[in-house]
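J.: Sending over a structure as structure tokens; questions will come in a sec.
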Amino acid sequence: MLCCIRRTKPVEKNEEADQEIKQDGTKPEENAHKAATKIQASFRGHITRKKMKDEDKDGENDTAPDESAETEEKEERVSPSEEKPVEVSTETAEESKPAEQPNSPAAEAPPTAATDSAPSDTPTKEEAQEQLQDAEEPKETENTAAADDITTQKEEEKEEEEEEEEEEEEAKRADVPDDTPAATESQETDQTDKKEALDDSKPAEEAGKDQNV
């Protein structure tokens with residue numbers, strides 16, 4: 001009995017599943033297929049994205065070697081131009097060596113040029129000194145002129161003071177009665193008159209005395 005029951009139950013389940021399928025109209029297999037297709041599509045998209053990123057990285061890496069190659073080419077182009085001045089400098093040094101030999105006339109020429117340049121420097125110094133002297137002379141003359149003006153002013157002031165003192169003394173003398181010659185003459189005449197009067201009076205007195213006798 002138990003075996004029969006166990007066998008009958010799954011059959012009932014299948015029937016129920018069939019009924020559900022009939023109602024929905026879709027089978028679980030179809031749902032699983034759809035889910036699988038979605039998963040595959042998403043996986044493919046992920047793979048394609050990775051490929052795109054890898055391609056971008058590869059492109060950048062490709063451009064970087066190209067740039068490095070261009071820079072190397074530029075350096076190679078520049079390096080010969082840099083080497084040329086070095087060669088030119090060595091050539092000029094080699095050319096200058098014979099000129100520096102003691103027996104060559106080129107070696108004797110620079111001292112003469114130096115001697116010529118030395119006198120040209122000395123006149124310039126002398127001219128500068130002369131200019132300084134010329135500039136100092138007007139200053140000295142101005143200073144002397146200023147000193148002379150000061151001395152003359154002082155002398156004039158002294159003279160004015162002396163004149164003022166003399167005028168003051170004269171004014172004082174004018175205020176005080178001076179012993180003029182007229183006054184002295186009048187005094188002398190008065191004295192002479194008095195003497196004459198005395199002389200005249202003496203003979204008269206003598207005559208009176210004689211009469212009395």
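Even glycines carry a Cβ here, placed using N, Cα and C.
Keep in mind the model is a prediction, meaning the values are calculated, not measured.
For 1-213, the entry in Swiss-Prot reads region 'Disordered'. Look at Swiss-Prot and you will find CYS3, CYS4 tagged as S-palmitoyl cysteine. Taken from Swiss-Prot, the feature compositional bias 'Basic and acidic residues' applies to 9-33, 74-86, 191-213. Under the heading domain 'IQ', Swiss-Prot lists 32-61. Annotation source Swiss-Prot lists compositional bias 'Acidic residues' at 57-73, 157-169. For 102-122, the entry in Swiss-Prot reads compositional bias 'Low complexity'.
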J.: Which sequence positions outside the compositional bias 'Acidic residues' (157-169), separated from its termini by at least 6 residues, show Cβ-Cβ distances below 8 Å to it?
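T.: Sequence-distant neighbours of the compositional bias 'Acidic residues' (157-169): none found.
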J.: For the compositional bias 'Acidic residues' (157-169), what does DSSP give as the number of helix, strand and coil residues?
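T.: When I sort the residues of the compositional bias 'Acidic residues' (157-169) into the three classes, I find 13 helix, 0 strand, 0 coil.
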J.: DSSP on the domain 'IQ' (32-61): how many residues come out helix, how many strand, how many coil?
T.: 30 helix, 0 strand, 0 coil
J.: What mean pLDDT score does the domain 'IQ' (32-61) have in the model?
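T.: That stretch averages a pLDDT of 82.
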